[in-house]
């Protein structure tokens, strides 16, 4: 093999080894998904299209207690955005899960801690609220005005 090719191959291998040591930075939504599954027994997918407020957006009157959990979570994120540079959907944070307990760590009042507290409250609310299968996948245009 040509020495130049070996040098390129060596450089690629070293780069891959270095990249393997970089810890993956998960997005907040992945952390929220894990938190939901820590607090309760349902998968996070059970909430994506639930009611008027679970999932993207939200309008109208919440359909039930679980939908109110999602509305409150949306409002909590809106409050977190007041930090100026705080983007809740992408802000990562530190927490521990000891099923079903969740503990947020980090500086109280910081963007990360605030977002963690929002997600923690929502995950615990989801776990405690009754789940009405009839409210999953509803037509938001007709039910959420």
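Along the chain as shown, residues are numbered 1 onward.
Even glycines carry a Cβ here, placed using N, Cα and C.
With 53, 55, 57 listed by Swiss-Prot as binding Ca(2+), the candidate from 74, 78 annotated for that site turns out to be 74. Distance between Cα atoms for residue 74 (Ca(2+) binding site) and residue 38 (disulfide bond): 20 Å, as a whole number. Fewest other C-beta atoms within 10 angstroms, among the binding-site residues 55, 57, are seen around 57.
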